[in-house]
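All remarks here apply to the structure that follows.
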Amino acid sequence: MFAVWSYKSKKGEQSCVDSNDDFVLPTKLEFLEDSVSNRTHDCRTDVRVVSHDSKDVDLDDISRILKSKFTSPEAVFAALDHCSVKISEGLVNTILKRFSNDWVPAFGFFIWAGTQIGYKHSSDSYDMIVDILGKSKQFDVMWGLIDEMVRLGGLVSVTTMTKVMRRLAGACRWNEAIKTFHNIEQFGVKKDTLAMNILLDTLCKERSIKHAIHVFLELRNEIPPNASSFNVIIHGWCKARKLEEAWQTMKEMRKFGFNPCVITYTSLIEAYCMEKNFRMVDAILDEMHTHGCPPNIVTYTIIMHALGKAKETHEALKFFDKMKKDGCTPDTSFYNSLIYIVGRAGKLCDANVIYEEMCKKGISPNVNTYNTLISTACDHSQEESALKLLLKMEESSCKPNIKTYTPLLKLCCKKKWTKILLYLLAHMFKKDISLDLSTYTLLVHGLCQNGKLDKASLFFEEMVSKGFIPKEHTYDIMIRALERGNMERAKAKVQQLMVQAQSMKQSGHHFMAKHQIG
């Protein structure tokens, strides 16, 4: 269990914070004390799990190796060459989750694991590494791996190609995503309405409604669209704030014999909520009732959340009564929005009351519930409450995600709590959460702002070593802070790292060909 931590004040009292960051690790922590206190000079916190389970020991051994700095997957392969752990699908997938934002160790480990006697990668493991490579924009390596999956047979699925198309579109390679769909049958995946809708959804979510419309008009005579096809396009227009086009698509939807449903109307309502046009929201709600299509809990949650953001707390709470009249039962997402609304209004006690109420009613809090509560507590400098919520998550077996830790890390940077920051990073790693570009950016900015330049420099270096390219704004903040601190040597290193980041090239394709799996 995630043990409670404490801080010693000058009078010996136990409280949650101390201006001197006097961090005291309890004896029952899952991490050995040296994972934080003996390694505060190094951001790459060594995580050692106290466990007699051989699986945990194997996981810990591999993790320590992979947290070293590697310039290529081949170097990772060589480092693992004499590792004697027992490979399993569970172990592989956990490692891939832990290093999901660090493609070099993830891919090197994946190839090495695939060469171990008595083990073969599952399709799920292949899909995970395909996604990691795509997220890291290692597209040549990704395609080489997919060719290998085709050669081995039975590994490429619609899930695989969904990940490929989403990552290509996410990198603004929209034409390549479309080409992938056109060639999808070469990979043994059926080119049907489901696959078409996935492509349309991908293009719309990556803010390329124009490409989505072009594809839709091109394909709808070849592949019959369904109601979902039109709903995806309408949602795309709504995300792009092109509401006239959304209404026009709804007319075309009717011409094809599909009546607008609650999903259709909810997309429009969400768009008008973004515009803060709540009169139009009311008009659409009236139309829904007129056409015998009452709003559902998702519709009401979106409206309440938007009103809360607009600081229309009283109006937001009115929709609770309207929702009950429509026979909608509150769910977890609804309570999450309610917590967000009262928390944003500064009513932290009320937010906690709502949390307790949903638990009493048998509605299980999810990660978004805790994220909202933690974020609200951090926004109001209620650090003790925020840390206790992290403990509650552990007790309720609710797995955190990176958004759980973001406000806590931000608060640590603001308060200059370095030891707690490193502890939280270790806890993230234990929970298989890999730092992404946004988190590194937050850490560098926050530490620079509070004069922790040595730590900021280490995070900047680690960010580059993982293949991330720092934003120009982050680089400028780092350089200016080092100049103010007269840290010329550190400044020169950061400048060198930025050049290295901008010139990084893909380096895994040849390595994969050399170490074929299967």
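Positions of Cβ are set from backbone N, Cα and C atoms, glycine also.
Annotated features, as they stand in TrEMBL:
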- 226-260: repeat 'PPR' (REPEAT)
- 261-295: repeat 'PPR' (REPEAT)
- 296-330: repeat 'PPR' (REPEAT)
- 331-365: repeat 'PPR' (REPEAT)
- 366-400: repeat 'PPR' (REPEAT)
- 436-470: repeat 'PPR' (REPEAT)
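Residues 297-298, 300-301, 304-305, 307-309, 311, 313, 316-317, 320, 323, 372-373, 375-377, 379-380, 382, 385, 396, 398 of the same chain lie 6 or more positions beyond the ends of the repeat 'PPR' (331-365) yet place their CB under 8 Å from a CB of it. Across the repeat 'PPR' (261-295), the DSSP tally of helix, strand and coil residues reads 26 helix, 0 strand, 9 coil. Counting residues of the repeat 'PPR' (226-260) by DSSP class, helix then strand then coil, yields 26 helix, 0 strand, 9 coil. Confidence in the repeat 'PPR' (226-260), given as mean pLDDT, stands at 97.
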